[in-house]
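Peer 1: Structure in structure tokens, see below.
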Amino acid sequence: MYKFLIRNKAQATMNYNLNKLSGQTEKTSNLAALKKLLQLIAHERPTLLLATLIILLNASLNLFGPLIIGRTIDHYVIPKQYSGVFFWSTVLLCMYLIGLATSYLQTKLMGGVGQRMLFTLRNAIFNKLQLLPVDFFNQNKAGDLISRVNNDTDKLNQFFSQSLVQFIGSIATMTGAGVFLLLIHIQLGLAAMAPMGLILIFTMLVSPWVKRTNAKSLKSVGSMSAEIQESLNNFKVIIAFNRRDYFRKRFDIANQENYRSAIGAGLANNIFLPVYSLGASMAQLIVLVYGVYLIGNDFSVGLLIAYLSYVTLFYNPLRQLAALWANFQTAMAAWDRISQILGLDSNLTNIEDDHAGDDETLLEFKNVHFGYAQGHEILHNVSFKMERGKTYALVGPTGGGKTTTASLIARLYDPNRGEVLLNGKDIRSYDAIERSKKVGFILQEPFLFTGTVRDNILYGNETYKDYSNDQLQQVIHDANLSALLAIFEKGLDTPVTSGGDSISLGQKQLIAFMRAVLRNPELLILDEATANIDTITEKLLGDILNKLPDTTTRVIIAHRLNTIENADEIYFVNSGEVTRAGSLDDAMDRLLKGKRVS
Ligand SMILES: Nc1ncnc2c1ncn2[C@@H]1O[C@H](COP(=O)(O)OP(=O)(O)OP(=O)(O)O)[C@@H](O)[C@H]1O
């Protein structure tokens with residue numbers, strides 16, 4: 001059904017800037033974050049359960065130790081019954097050996113969970129990144145994203161593979177020791193646990209601050225890697241313009257910020273330990289004084305020794321928990337940064353539209369308004385039609401909006417208002433595969449991937465991907481592209497690096513041209529695609545364009561007006577308007593006279 005209402009729905013430009021998403025880090029509670037995280041690793045439940053059982057077994061073995069020692073002292077050591085001492089010592093040794101085996105097993109199991117979680121999380125983030133729109137990448141720095149995929153996921157892995165085992169083990173030991181303390185002597189037990197209450201209050205008060213400090217530190221790691229990425233990507237410009245000192249200073253500032261926030265996080269993470277240790281020492285003192293007072297009244301020396309061991313067993317894990325709690329806060333801060341990406345949705349959603357277009361019109365802009373996120377409107381109420389098989393030129397001053405118009409045709413962005421129709425249907429109703437088959441886009445700065453010319457011209461092309469080089473050469477010949485391929489010394493096997501330094505910018509444009517033509521699109525957009533190509537090769541490209549199937553519509557954006565002299569129609573793009581220019585002379589006239597406003 002033709003969904004008129006949806007079709008006219010305004011598209012809001014979205015804020016995708018991860019560092020400016022409104023206060024998410026503070027709002028997420030640890031429990032909610034942990035719940036979401038556990039959902040992501042739900043398939044690990046059996047392993048987590050097994051590991052937990054092993055951890056509990058280990059903790060129980062530890063817990064019975066002091067009781068056995070206390071009883072042995074009272075019943076066998078003091079009365080000098082050495083056979084009993086030998087028997088219980090052997091029992092203890094066996095318990096310690098089983099403890100060793102369970103420790104090994106739990107570390108192995110949880111190490112596996114951590115690594116698998118790291119793998120799943122990195123995949124989930126990377127897959128999400130593939131789904132997010134161009135706007136997202138415009139608003140975030142690649143270095144910061146890399147830091148989230150690499151560094152932040154690793155913080156979670158560290159917590160899961162190393163800390164979680166100790167975390168559960170410590171809590172189990174503590175709870176067990178607490179139960180023993182209360183069972184043996186309830187008043188003494190309560191007195192021993194009193195400092196624990198103070199520790200809990202302290203923990204609750206300072207934890208949010210510790211998480212915030214860690215979040216700040218992770219953010220500064222992201223900023224620093226963004227800084228490194230920017231200067232490494234643009235090193236030629238930096239050297240050519242002698243801006244090395246400037247970038248050194250910028251890096252120094254980012255590094256200092258990172259250093260300061262890391263020191264802050266270190267301080268915050270270490271704040272628990274001394275307070276927890278003080279609590280433990282106070283408890284030992286209380287038990288010693290109160291316990292000595294109780295000896296004689298239903299309390300023995302052996303029991304007091306066992307009791308002191310239980311106090312140690314109760315408070316020692318607490319000391320470990322101090323460090324683990326800090327790791328947990330770091331992991332939760334990292335998870336917040338990761339879930340910010342996972343929680344984003346593309347604003348380029350698809351809609352239904354089965355409206356049939358007419359035979360002539362391939363593309364239509366209907367009252368299109370568009371502005372980039374956090375910017376002013378670039379296109380104001382633009383309407384035009386492009387017919388099948390014709391060649392259109394978009395001309396206009398720099399910054400006039402030509403690339404923006406082309407980007408809307410290729411659906412890199414959606415209009416804020418109005419519609420872009422392809423074959424009469426809203427462009428939002430095509431899925432990505434269908435759309436990219438129909439619309440070919442040769443960008444101003446084509447990007448090549450490391451590999452060969454063959455890999456790059458077949459990029460995203462399912463039709464020819466399994467063709468042999470000979471078969472492919474025949475296809476290239478049929479598409480009149482052989483003369484272009486001949487420009488590359490080793491033909492299809494010419495190596496290409498992602499930086500593209502092994503080949504010239506013009507050659508890159510030729511590869512991008514072949515890549516787009518071989519996909520046989522219904523609409524081919526060339527955005528300054530011949531700007532770096534010599535006149536003779538440019539003429540060759542012109543011939544190839546003329547020989548494209550009769551139904552292929554071409555949209556050419558060019559500053560060199562000779563490249564568009566054969567266009568059927570010229571559109572003048574400036575000041576947010578796209579208007580018919582009439583003839584080439586008219587376009588030239590408007591270019592010379594027109595004011596440059598966007
Ligand atoms: N990613 C972006 N975010 C914000 N504003 C942008 C973005 N890309 C372009 N603009 C702005 O949109 C306006 C139109 O730019 P556009 O690239 O469409 O012009 P153009 O006519 O293709 O220019 P040129 O001839 O230099 O390629 C300019 O004011 C530009 O600053």
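Yeah, the Cβs are placed from backbone N, Cα and C, and that goes for glycine too.
TrEMBL does not curate its annotations; it predicts them automatically.
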Peer 1: Given the ranges 48-73, 282-307, which one is assigned the annotation transmembrane segment in TrEMBL?
Peer 2: 48-73
Peer 1: In terms of Cβ proximity under 8 Å, which residues at least six beyond the ends of the transmembrane segment (85-105) contact it?
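Peer 2: For the transmembrane segment (85-105), the far contacts come to 54-55, 57-58, 61-62, 64-65, 68-69, 71-72, 76-77.
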Peer 1: For the domain 'ABC transporter' (363-597), what's the mean pLDDT in this predicted model?
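Peer 2: Overall, the domain 'ABC transporter' (363-597) comes to a mean pLDDT of 84.
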